[in-house]
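Q: Sharing a structure here in structure tokens format.
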């Protein structure tokens, strides 16, 4: 079977009150259009056609790597007109699945079932399959009109509906599947004699009835699958539905969330056994948490891997890091891209790292900046240690070998190497390589000025 998918993404989204096209607004860290394209890809179609119009160049430039065929709708004349723009690129014998870019939570299983509905009869008597739903509040959506035998014979958009039709709870989702040959016959016959003055795709139902093409429907099991986004309130509602589903899936696999309503996932999160996640944590990109990991409150992890038994304390920010087993991080730590910790390392409060590689058992417990640095095993980094890695033009590396003890308030001016088991005295500024096994410090003589008086403020007149 040749499957062609059309995604409608040309709408202006006026009710978003935004300079950003509606389909680029984010849900769970990804644009709405990306959600729909990723779902469509799971059906293994022969092609995905995205119909763009309003803000089209912005959409294309923002999502340059989407595996789609872009089709321009120069004038936004309605959904039927939008689908018509893609038809020259689709063979007559292909099955066409029409989706909407602002309906991001449609499930692949539902779409697969709809495609199967459209194939149940001989292709010579092809079916028009519609995805429908029963909603308690169907406001704003097209209503399904059935005859006395329960057969669908029309869809009426709300702006064209009378009060009797508005009381109908069954709605059309905007998702349909049929042979391309049918659409190529029906779409040129659409009329714009309606309240919007547009060419509605829903009018193909009446044309299918006239042509005696069977119409079948599939009712979505979950109403959220067919919920569209037209304003920011609806975007927030679907965000919470997506997050709740993600939280439930994690808990089903053995993770504990302190409060599923205060958890945000903006990518992929893979958890081992007995993982604990406290409140207000944000996971972005791809995050892997090993067995027994604990994430404290108010943490942000982006593209991070944690080994077994790690603990990240409150208010820590980790990005682009690889952490081995049994490490402790935070509170208030910031680990930036390129940070790698071997097992049993500790990064304490108000420590920032970037391109820092720690070997086993190394600790930086307080108030330090460690950038472009290699640290050996069992190094102790004292409070207030700074690697001075930037000369205003280039970055330089610091190498700290095994067993080094660095006293508090030390500046290491890169490029510099500290030899194994060396000790650096507190308050030192190290500009040259430090020999192993020795104490190195920079001394400034302490001086006491006897009889010195503090300045006294004069009383103002």
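Glycine is treated like the rest: Cβ placed from N, Cα and C.
Given the structure is predicted, the values throughout are model-derived calculations rather than measurements.
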Q: Going by the acetyl-CoA site in Swiss-Prot, where 383, 389, 390, 426 are listed, which of the candidates 408, 444 is also part of it?
A: 408
Q: Could you tell me which three-state DSSP class residue 380 (UDP-N-acetyl-alpha-D-glucosamine binding site) falls into?
A: strand
Q: Where residue 8 (UDP-N-acetyl-alpha-D-glucosamine binding site) and residue 408 (acetyl-CoA binding site) are concerned, what is their Cα separation in Å, rounded?
A: 61
Q: List the Cα distance (Å, whole number) between residue 354 (UDP-N-acetyl-alpha-D-glucosamine binding site) and residue 408 (acetyl-CoA binding site).
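A: If we compare the Cα positions of residue 354 (UDP-N-acetyl-alpha-D-glucosamine binding site) and residue 408 (acetyl-CoA binding site), the gap is 20 Å.
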Q: Looking only at DSSP and grouping its letters into three states, which state does residue 366 (active site, proton acceptor) belong to?
A: strand
